[in-house]
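Engineer: Quick one: this structure, given as structure tokens, is what I'll be asking you about.
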Amino acid sequence: MKITKKIWPILRRTCADIYYIWRKEYKMVFSDAGVLVFFFLLTLAYPLLYAAIYNPEVVRDVPIVVVDDNRSALSRQLVRNLDASPNVKVISYCANIAEARQMMMKTECYGILHIPQDFNTDIVRGTQGVVEFYSDMSLLINYKNFLMALTDVTMDLGGELRSAALPIGVSQSLTDIASKPIPYASITMYNPESGFASFLIPAVLVLVLQQSIILGLGMLAGGIREDNTLHLYYDGREHVHNSVLHLIVGKALCYCSLYIFNIVYLFHFIPWLFGYPQLGNQWEIYTFALPLLLSSIFLGMTLSGLVREREASFLLFVFTSVIFIFLSGIVWPRYAMPAAWQWLGALVPSTWGVEGFVQMNTTGASLQQMTRPYVALWILTAIYSVTAYATYRHWISRDMQLGNKGIMDALHDEV
């Protein structure tokens, strides 16, 4: 009973202290237009912008030119079949390779199909016919279209030629076997449209969540330093050590409550609006998002110690978005990265967030199956909560020392 009487006042004071910070942080956020832009406008607008850019999902009718040195019925059939495919569009015939390269240099086309002079002759002789293709590799998605179209067209044409070479009277089953010895079907799992947006945007959503928090907290910290208002958090507070703990907990609760809408918007509304695959349990996704949100908040609070001015958050953190998207493994697999980059990526919440959210939302994985990234995010939450505490402890101690020195200097000037 005595222990309860001692604990109750401590709990009541702790809750009151955290609520005081929470309420004060709300006022700080909603009184700063720049922070509101990062917390809400960026989160609302960027996913719409990225999704609108990639909304067609796939690239169709990529322009190519043809250099046909053979000029036979077979070469013309090859070009017609290629032009009929959805991925490629033949826009012109060129007299030679030099002319075709000039068109590619002017970006009038992105590929050159060269049919050698002996193409038809080789096939009539029973040897393999060869065609050459030159691709502009500045966009790998164009190369993918060229490769798929050329593979399908040449295999179909080869099957037709093998069927035509069979003796008259051969059964249809043998004809089918000759044209396609091994029938195949391409099935794209979890991305039925083979869309680029369905592959990329889910990862971008996680990164937008993290970066909006880091940039917003950086600007908020820069504003506090510029206006010298940090003392408002601890003036008249007892037990500085506890106040620092209450400070980071109160601020974290404030940001979590603000981002409830953002998480629903990013992880449910945007995929639904643009028709991206949504196979996971939505409540499990929200459960997974909790440590992602907390670790991003504490990371932002830690990094905010580097910001001395409001605008400095742009210079310090905006460029990291490109680095973080590469470290996430969505562009290049993490296991193929050097060990140092893998370790660096493991320290970034978005790395584990992308892995877990993409698997849960796109492939329908359960939270239990995503134990590895889920636990990793909780570990990062614990680590960055300690670093955030150390950052604010140092910041407040230094601010108190500088504040006392400023008061003494002012009194000395008056005397």
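We number each residue from 1, going along the chain as drawn.
For all residues, glycine too, the Cβ spot is worked out from N, Cα and C.
Here the structure is a predicted model, which means the values were calculated and not measured.
The transmembrane segment feature in TrEMBL is assigned to 33-53, 199-224, 244-265, 285-307, 314-335, 374-392. The annotation domain 'ABC-2 type transporter transmembrane' is assigned in TrEMBL to 35-389.
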Engineer: Below 8 Å between Cβ atoms, which of the listed ranges 33-53, 314-335, 374-392 makes the most pairs with the transmembrane segment (285-307)?
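Structural biologist: Most contacts with the transmembrane segment (285-307): 374-392.
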Engineer: Applying the under-8 angstroms CB criterion, which one of 33-53, 314-335, 374-392 scores highest with the transmembrane segment (199-224)?
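Structural biologist: Stretch with maximum Cβ contacts: 33-53.
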Engineer: Near the transmembrane segment (374-392), which residues from the same chain, at least 6 beyond its ends, have a CB less than 8 A from one of its CBs?
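Structural biologist: Those are 244-245, 247-248, 252, 288, 291-292, 294-295, 298-299, 301-302, 304-305, 346-347, 349, 352-353, 356, 367, in sequence order.
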